[in-house]
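Enquirer: Can you read through this structure? Questions will come right after.
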Amino acid sequence: MALVTTAEVCDANPQLIVSGELRALHPVFQIYGRRQVFSGPVVTLRVFEDNVLVREFLEEKGNGRVLVVDGGGSLRCAILGGNPVVQAQNNGWAGIVVNGCIRDVDEINGCDIGVRALASHPVKANKKGIGEKHVPINFAGTRICDGEWLYADTDGILVSKTELSV
């Protein structure tokens, strides 16, 4: 995907866009981390102002996957910080997309991983361990399911039902 942009993927696959097999997320995300272009199979997580499950996932081997976290769009606290992002980088995650806020931006921007989030916020999240793993989530104008493929670059974020060969 490094040599093919999301715009080129869209141009080459209009039939997949019409059918809904290829979807673009609404352009609401800020770009963080050193890896501006990333892709991989999706792992979904739904939490609200709680980061225990986020941390647990990122402690696992990523194997090139992308963690997609529906944080309910909360702008009241950060559900991802620098330490888990460093761990994600070290464990081989390709990227993290957060429908919510992050913190420790300078530390995250030093990591060789792709991160997208709505904004940054200095307040830390709760630690109750409440959430749902591997469930369909809906945000940024689309439904995202575990096992789909995510492609991100500076133009935006695409989700596909299958891995695209472009």
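Note: Cβ is positioned from N, Cα and C throughout, glycine not excepted.
TrEMBL does not curate its annotations; it predicts them automatically.
Not my notes, these are from TrEMBL:
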BINDING   Gly81, Gly82, Asn83, Pro84, Arg103  substrate binding site
BINDING   Asp104  Mg(2+) binding site
Enquirer: Might you list, by sequence position, any residue in that chain lying six or more from Gly82 (substrate binding site) with a Cβ less than 8 Å away from its Cβ?
Expert: Arg103, Asp104, Glu107, Ile108
Enquirer: Taking the Cβ of Arg103 (substrate binding site) as the centre, count every other Cβ atom within 10 Å, in any protein chain shown.
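Expert: Its Cβ has 20 other Cβ atoms within 10 Å.
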Enquirer: Among Gly81, Gly82, Asn83, Pro84, Arg103, listed as contacts of substrate, what is the widest Cα spread in Å, to the nearest whole number?
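Expert: If we measure all Cα pairs in Gly81, Gly82, Asn83, Pro84, Arg103, the largest is 11 Å.
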Enquirer: Suppose the substrate site is Gly81, Gly82, Asn83, Pro84, Arg103. Which further residues of the same chain have a Cβ inside 8 angstroms of that site's Cβ centroid?
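Expert: Other same-chain residues near the substrate site: Ala78, Leu80, Val85, Val86, Ile102, Asp104, Glu107, Ile108.
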Enquirer: In sequence order, what residues of the same chain, 6+ apart, have a Cβ less than 8 Å from the Cβ of Asn83 (substrate binding site)?
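Expert: Long-range Cβ contacts: Asp104.
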Enquirer: Ranked by the number of other Cβ atoms within 10 Å of their own Cβ, which of the binding-site residues Gly81, Pro84 ranks first?
Expert: Pro84
